[in-house]
Structure formats: C-alpha cells, structure tokens
Amino acid sequence: MAKLHRLISAVLRLAAAGAAAAAAVIMVTSHETTSLFGIEMEAKYSYTPSFVFFVVAFAVTFAYSLLAAVLVRPGTTASRLVLLSDVTVGMLLTGAVAATGAISQVGKSGNEHAGWLPICAQVQAYCGHVMGALIAGFVSLLLYFLIIMYSLHAVAEPLCSCH
C-alpha cells in the first residue's frame with residue numbers, strides 16, 4: 001500500500017510540475033508588437049507585474065513539485081510538513097491565477113468606468129498566449145488541489161481506525 005501511495009503522489013506531483021512549467025513557459029513567450037495609427041505598440045508579459053508574479057509562482061511550483069515528487073514518502077512524519085508546504089503552494093497558485101485572470105479580463109474587455117480600452121483586438125497572439133498560460137495554470141492548480149486532498153487522506157489514514 002505504501003508503494004501505491006508513493007506512486008500516486010509522484011504521478012500527481014509530476015503532472016503538476018509539467019502543467020506549472022507549461023504555464024510559466026507559455027507566459028514567458030507571450031510577446032507581440034503591432035502598429036496602431038502609426039504608433040508601434042509592444043505587449044510583453046514582463047510589462048505587467050501580475051504576469052511576472054505568475055511566472056515566478058509557477059517556476060517555484062515547478063521546482064518544488066519535482067523535489068517533492070522525488071523526496072517525499074507519503075505516511076512519514078516529513079509528509080506532514082510537505083502537506084503544509086503543499087497548502088502554501090496551492091495558495092500561491094491561487095493568488096497567481098486570480099491576479100493574472102483579473103488583469104487578463106481588463107485586457108480583453110477594458111473597463112469603461114476607468115476609461116481603460118481593451119487591447120486584445122490589437123494583440124491577439126499575445127492575449128492567446130496569456131489565455132493558454134492561464135489554462136495551464138488552472139490545470140496545475142487543480143492538480144495541487146488533488147495533491148492536497150490525497151496527502152490529507154494519506155496522513156489521516158493511519159490515524160483512523162475505521163478501516
């Protein structure tokens with residue numbers, strides 16, 4: 001049973017690492033230059049602080065997921081510390097996806113009340129990259145939710161006499 005726990009944990013963590021790496025790489029490669037009324041406009045992820053936060057959060061998640069997949073053995077005392085770290089990473093990912101999603105919505109739809117115009121009609125490839133990064137980010141976040149639920153089960157299972 002311990003080998004099965006370790007295998008499931010490793011597979012979930014490696015999948016989360018892959019999704020996190022994809023999210024970071026897709027966001028980093030989001031770049032487009034266009035001309036609007038003779039004025040050159042450049043859209044790049046590094047111009048938006050929430051997108052930079054997104055890249056850093058998912059890069060950290062990638063590294064942590066790989067380390068945890070290799071080093072963590074479910075059911076050990078250390079797995080409880082890793083569970084705490086998993087929850088922290090889950091909160092980090094939630095913040096990154098939420099911040100990026102909010103800014104993306106403004107980029108797509110603008111904000112009439114603030115006088116902000118939408119930009120996605122002018123830089124469609126850029127906005128497509130950002131959307132792809134968000135999708136990969138949501139997948140990674142969902143996998144971290146599953147990791148947390150599975151880790152809670154693995155930690156609580158030896159404590160429960162109900163089996």
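Yeah, the Cβs are placed from backbone N, Cα and C, and that goes for glycine too.
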### Task
State whether, in Swiss-Prot, V72 is on the same side of the membrane as R6.
yes
### Task
Would you mind listing the long-range same-chain contacts of the topological domain 'Extracellular' (29-50), meaning Cβ under 8 Å and 6+ residues beyond its ends?
96, 99-100, 102-103, 119, 122-126, 129-130, 133
